[in-house]
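Reviewing the structure listed below.
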Amino acid sequence: MRLLLIHSDYIEYEAKKKTKMAEEGAVLSDREEDALTVFTAVESVDEEDTEGVILQAIEEVKKTAGQVHAEKIVIYPYAHLSSDLARPELAVPALNALRDGLAAEGFAVKRAPFGWYKSFKISCKGHPLSELSKTIVPGEEGEVVSKKLGKKEATHDWFVMTPDGKTHDYHKYLDNTPFGCLVKKELGVAEPTGGEPAHVDLMRSKELVDYEPASDVGCMRWMPKGKLIRDLMADYVLALLLPYGATPVETPVMYDLGDKAIYEHADKFGERQYRFKSNNRDMMLRFAACFGMFSIMRDMHISKNTLPMKMYELSTYSFRHEQKGEVIGLKRLRCFTMPDMHSLCTDMPEAMKCFEEQLAIGWQTGRDFETKLVAAFRCTKKFYDENEAWVKKIVKESDCPMLIEILSERVHYWEAKIDLAAIDGQNRPIENPTVQIDVESSTRFNIKYFKDDGTPVYPPILHCSPTGSVERVICAILENISTQKVPALPTWLSPVQARVVPVAERHTAYAQEICDALNAQGIRCDLDERDESVGKKVREAGMDWVPYVIVIGDEEMASKKLTVTIRRKSEPNKPFKEQMTTDALAATIKNETAGKPFRPLYTPRKLSLKARYI
């Protein structure tokens, strides 16, 4: 922000002609005597910390007014102070906030209109402090925190609701159960924990994911085994949502902040954003798939009989400029993959019905990923008062206690939402699935359908991520595994589902036949034909968390039955072994992974050909 402060005998102006960005309802001519005139230019860089810039400007003007003993202030928008001006959508609220902030300090404040060609006359007093210029610069470049200028502050009430519909003081739940850990974190009473989360070591030691030093902090590189898990999760969500009626789309990762709807939605979100210049356009990298899907919906011809309409995108990638010190492992990233569904509903009752369906999908993903989920439901007081019976219904159907947060008024785009979270090894929540009822975006983005009489309706929109970001799901799975006596991935997500270990070279050909037969039946199976001891091969299979390990020796070749170590039935130092045929083993694994997606091996079938990545 640029300021030119003139201590004036008088300032008078008259608005002559509108520009295309002229504000309406302003005072078009005025005069003030013995005032501090503040010629002001709001710059594009001020978007990085608008609130901070305004607070600094208030202090600078207040300081100068005190030095020259001025009690009256005139704020005069003056574009000629800068060659890099902010958009009107930012500049006008910033000028109003500057005016209101100075008025709150006890000054008599006037503001000249924005976006008009004006004539003005000014008489400078001519003393040493009568002409001063100030440049106010925001914080770190590239990191934008939406300040939601002019937003209302809400009060928050908290309680716990149990499936019987009763409400309870949340203090009774401040324990170390998974739900208690969520309550403590949300209420700000969680004990501080130190050290690195368990999943960080596991993601690297198992050669799944690693940091990419040549990229920005919080951007990861995916090795073949991690890439396979990630792809299977994407397949899983698509297979889950297609039968539900979701229609897949793909949209850009960057958007023009000159679009008023996009700017307002970004500002509502309130998270750090990547913003940059493309020629003279202010752009941002998306933090979710809302922008692209809403743009598609805005251009569609929607009739009531096509609702509810569900649109899905695997947002690869989304971006949030998290603080460097907060970025860690897969839990908090700057670049991530988000399964994102938006449902356009006829009205609020239909939105609430879809909410129930999508919440059920969220709970199902927790079971399929073998992660224990706990819940926090949030809504406005108005929504709760009107729909208390429905809130009790979803708690009952979820069959678990929920932390309930009641906001005195709406400060976000949603009227109600639910967040499901896993708990990590340090008793901290990992937010994953979410469902939200958005009551603002259809109006903001001009998304509508028409009644039979031609009346337009701007309907509620549900935001749903049935899993949360893929990275956080993997984080939750690894954190859960870190607490197990015998760590094991869900078999359908295991990069290698079975491994064949020949005892000696003479057993290798038969072991190869078994390996090929299992792969032919849709089992990810590899062969450890290396010249190593059987003990070492079996130990390494355990370190790789292979669910089924088949040792082939003379007995197995003669009997045509396999000796299989089953990881999920084993205990520390007590491997569980079972004899079965090749077809029986394949049937066991297929039964265990029924209904889940399958992809073949992403690594060589022979261990002697596998490279080390970390």
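Keep in mind that glycine also has a Cβ here, set from the backbone N, Cα and C atoms.
Over in Swiss-Prot, the protein carries these features:
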BINDING   CYS290, HIS342, HIS463  Zn(2+) binding site
REGION    1-141  region 'Editing domain'
REGION    198-490  region 'Catalytic'
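Between the binding-site residues HIS342, HIS463, the minimum number of other C-beta atoms within 10 Å of a residue's C-beta occurs at HIS463. The record gives CYS290, HIS342, HIS463 for Zn(2+). Within 8 Å of the mean position of their Cβ atoms, the other Cβ atoms in that chain belong to ALA288, ALA289, MET293, PHE294, ASP340, MET341, GLN436, ASP438, SER441, ILE461, LEU462, CYS464.
In the three-state DSSP classification, HIS463 (Zn(2+) binding site) falls within a strand. Broken down by DSSP into helix, strand and coil, the region 'Editing domain' (1-141) contains 45 helix, 56 strand, 40 coil. When secondary structure is read from DSSP and collapsed to three states, HIS342 (Zn(2+) binding site) falls in the strand class.
Classification of CYS290 (Zn(2+) binding site) by DSSP places it within a helix.
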